[in-house]
């Protein structure tokens, strides 16, 4: 995509998601080198993901108060510094679970700021008429590096030493910071009057709730995130032996890879499919593909059918992510992009632990098949707002928000 400045944004997304993919594999493996207690090993993932639901509202408010380019630069430098500090601790035999948890938390916190900031920055860089193409590239890059490239490289790096793995994570985040150095100009949103952070957050929540299309999309994301989380929480019990499907760990990995492959393909196909079918059918199509994904294990234990359903679900998910992000950027005024993005992220990530917890309770008493059936049924209900609220006329009524203030050199 040839737009001045977009390469810097893409490089930042590429470096950041490579680092996230590395951390996804390295932190749990590193924890196993420091302890054999399962709960403490899981603590590494908890520390990294805790900011996902706790920090987005504040992060969004700060994104709308500052130069977004510098905020993203600072967030990635902070992530790189946290990984370098962990690397130094490991090299000097000062590595501990406390150091690992602290680095993981800071990296997760930085990710929250960087992701919300990048999403808010993109419209000012590429213009609102090219958001589809830009988001397709960014989402495809995110899925590829976060799910395919990063984890296996992270696993290979840790074989060379824990400090080397931490250093690799740091290098990826410093590459992300370099992307913002290539982008010129000050990307500071216009503000009407000074306000407290609390008031800013309230303004973002108010806009999201009062905007019928945005509110509907946010609630759909929340429900579907809970359903997907429930599916993922008990999937391993169902598909890995001695579960009914009977796969081994390699087969389980291949199943998850089918989901990721579908997501990458969907990301890059979004523009083509949207032009051919229209916006509403892209959104409705993801609801249908998600029902296929979530419901297939409730109906069969055939690994090939479940694998195909998983690919189809990933395909729809990739299109959904690009489409919803683009809609949010087009329908939200520039000065509110961070706060609305933060509020939406809070709802989506907040639903993840709820879905997993409910899935565990249901599976404990009735088995995982009912979890899959309930998740599919809950997602199927989302077809109602697609046809009652997200109509062509409703979407057409919402003209793109005014073009963001151009960068000032």
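Glycine is no exception: its Cβ is also placed from the backbone N, Cα and C atoms.
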Examine the ranges 70-91, 92-113 and name the one recorded by TrEMBL as transmembrane segment.
70-91
As a test: from 70-91, 252-272, 279-298, 304-322, pick the stretch that has the greatest number of Cβ pairs under 8 Å with the transmembrane segment (369-390).
279-298
Are there residues at least 6 beyond the ends of the transmembrane segment (216-240) whose Cβ is under 8 Å from a Cβ of it, and what are they?
208, 246-249, 251-252, 255, 287, 290, 293-294, 297, 301, 303, 306, 324, 327-328, 343-344, 347-356, 358-360, 362-363, 368-369, 371-372, 374-376, 378-379, 381-382, 385, 389-390
Counting only residues 6 or more past its boundaries, what in the same chain has a CB within less than 8 Å of a CB in the transmembrane segment (41-63)?
23, 27-28, 30-32, 35, 71, 97, 100-102, 104-105, 107-109, 111-113, 116-117, 120, 197, 200-201, 204, 337-343, 345-346, 349-350, 352-353
Recorded stretches the transmembrane segment (252-272) and the transmembrane segment (70-91) touching, at least 3 CB pairs under 8 Å:
no
Which range out of 70-91, 279-298, 304-322 gives the transmembrane segment (153-183) the most CB pairs under 8 Å?
70-91
Beyond the flanks of the transmembrane segment (304-322) by 6 or more, those residues with Cβ under 8 Å of it
132, 135-136, 139-140, 143, 239, 245, 254-256, 258-270, 273-274, 282-283, 285-290, 292-297
